[in-house]
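> So Swiss-Prot lists the following for this protein:
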- 1-123: topological domain 'Cytoplasmic' (TOPO_DOM)
- 1-89: domain 'PTS EIIB type-1' (DOMAIN)
- Cys29: active site, phosphocysteine intermediate (ACT_SITE)
- 115-474: domain 'PTS EIIC type-1' (DOMAIN)
- 145-157: topological domain 'Periplasmic' (TOPO_DOM)
- 202-217: topological domain 'Periplasmic' (TOPO_DOM)
- 239-260: topological domain 'Cytoplasmic' (TOPO_DOM)
- 282-301: topological domain 'Periplasmic' (TOPO_DOM)
- 323-334: topological domain 'Cytoplasmic' (TOPO_DOM)
- 356-368: topological domain 'Periplasmic' (TOPO_DOM)
- 390-393: topological domain 'Cytoplasmic' (TOPO_DOM)
- 415-440: topological domain 'Periplasmic' (TOPO_DOM)
- 462-474: topological domain 'Cytoplasmic' (TOPO_DOM)
Amino acid sequence: MAKEISSELLNTILTRVGGPGNIASCGNCMTRLRLGVHDSSLVDPDIKTLEGVKGVILTSDQVQVVFGPGKAHRAAKAMSELLGEAPVQDAAEIAAQNKRQLKAKQTSGVQQFLAKFATIFTPLIPGFIAAGLLLGIATLIATVMHVPADAQGTLPDALNFMKVFSKGLFTFLVILVGYNAAQAFGGTGVNGAIIAALFLLGYNPAATTGYYAGFHDFFGLPIDPRGNIIGVLIAAWACARIEGMVRRFMPDDLDMLLTSLITLLITATLAYLIIMPLGGWLFEGMSWLFMHLNSNPLGCAVLAGLFLIAVVFGVHQGFIPVYLALMDSQGFNSLFPILSMAGAGQVGAALALYWRAQPHSALRSQVRGAIIPGLLGVGEPLIYGVTLPRMKPFITACLGGAAGGLFIGLIAWWGLPMGLNSAFGPSGLVALPLMTSAQGILPAMAVYAGGILVAWVCGFIFTTLFGCRNVNLD
């Protein structure tokens, strides 16, 4: 497919999803054009047969068209322009669509809730990847060249410069999340950012670091700004809901002056009294659960084995708050490399299919076109073009990923837990320099590389033995 998404392809997709009048929203994640639809019965599932489309995921209120990294963003931008040129609907059409949209909301609340995470975190992912890569490369250079932490000179200065982006991102990350979350839940982004900033401020006048808020209690009640990302998400949701209620009763002439003011006062009160303690408990519980799963080899195997299924259903973005919680509690994201084993298992399965296929078959061409992205951590071309349509190889790919997750879990159980140095990043081989551990970057890279190798080999063996029987290898 050409680098640019053709207008003919987008017009065809628009027609097959029911036309502009059936589109409720248009957005994208890293690899998918996400179209919210009013009536899923109008969607033609044969969109997946269009040239340039790598796959399609259908839910009761959303169509996810898989294009691949970079292309999804361009497709969403071009589709938004097409929708902006669409003719205006009449009142009857709008009423009918609102009715269908309400029905969809009533029947797909869980998926809609998980889809919010894509809206909140997808715009941040390029920054996570860039900051994580810079930090990983700087750490690797410092380790290999034995640069002390307090060294002076051009090289240490350059390494510190490369690391500063990660420090800046994670110091003020909650403000970015608060802004995006408030918008995703229907509120004003800056209100969410201001509320999120309350979680960053310090409430101990004797502290020598941080930014003192100017008071240490809330009308005599202690302040415990815990919970971080979990608390910020809850607070941003509450902020958006409160803003909507205030706006309903606010006269138009006073809206700009008073709506945000009242919203902030009410939300901040709830944050200090309820949300911060609640977010802290949820944060501790979530961290405890996944830290114990990560140190349990069987738990790691289950997580890695099921992750491809989460990708197929489009709910894998729901793990991002967990990644952020683990960053806060451990200092690295120990879950991400475990889940990355799913993609490695699929690479092994694809190589087995290539080996078993006929020399000039279409299957070999499909694998050749998708294997390099798979090695680099982009799994959708392999999922939708190679393994999932044949089902058995998809299952054996999941088993290969589970084996890789088991390997990483065993190493952690034996005393070497490791993880990603960022909340989110690339997977596959590209993620190697982003690995870190308490023992340093090189042991972490070795464990991750070992997990990938185990997943490749097991995915290949499982598919060769069980994934090719009664499967179309043409």
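Including glycine, each Cβ sits where the backbone N, Cα and C put it.
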> Between 0 and 100, where does the mean pLDDT of the topological domain 'Periplasmic' (145-157) sit?
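Overall, the topological domain 'Periplasmic' (145-157) comes to a mean pLDDT of 84.
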> To see if you understand the setup: which same-chain residues, six or more apart in sequence, place their Cβ under 8 Å from that of Cys29 (active site, phosphocysteine intermediate)?
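Ala72, Ala118, Thr122, Gln317 - these are the non-local Cβ neighbours of Cys29 (active site, phosphocysteine intermediate), listed in sequence order.
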> With helix taken as DSSP H, G or I, strand as E or B and everything else coil, how many residues of the topological domain 'Cytoplasmic' (390-393) land in each class?
3 helix, 0 strand, 1 coil
> How does the topological domain 'Periplasmic' (202-217) divide up by DSSP, counting helix, then strand, then coil residues?
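Going by DSSP assignments, the topological domain 'Periplasmic' (202-217) contains 0 helix, 3 strand, 13 coil.
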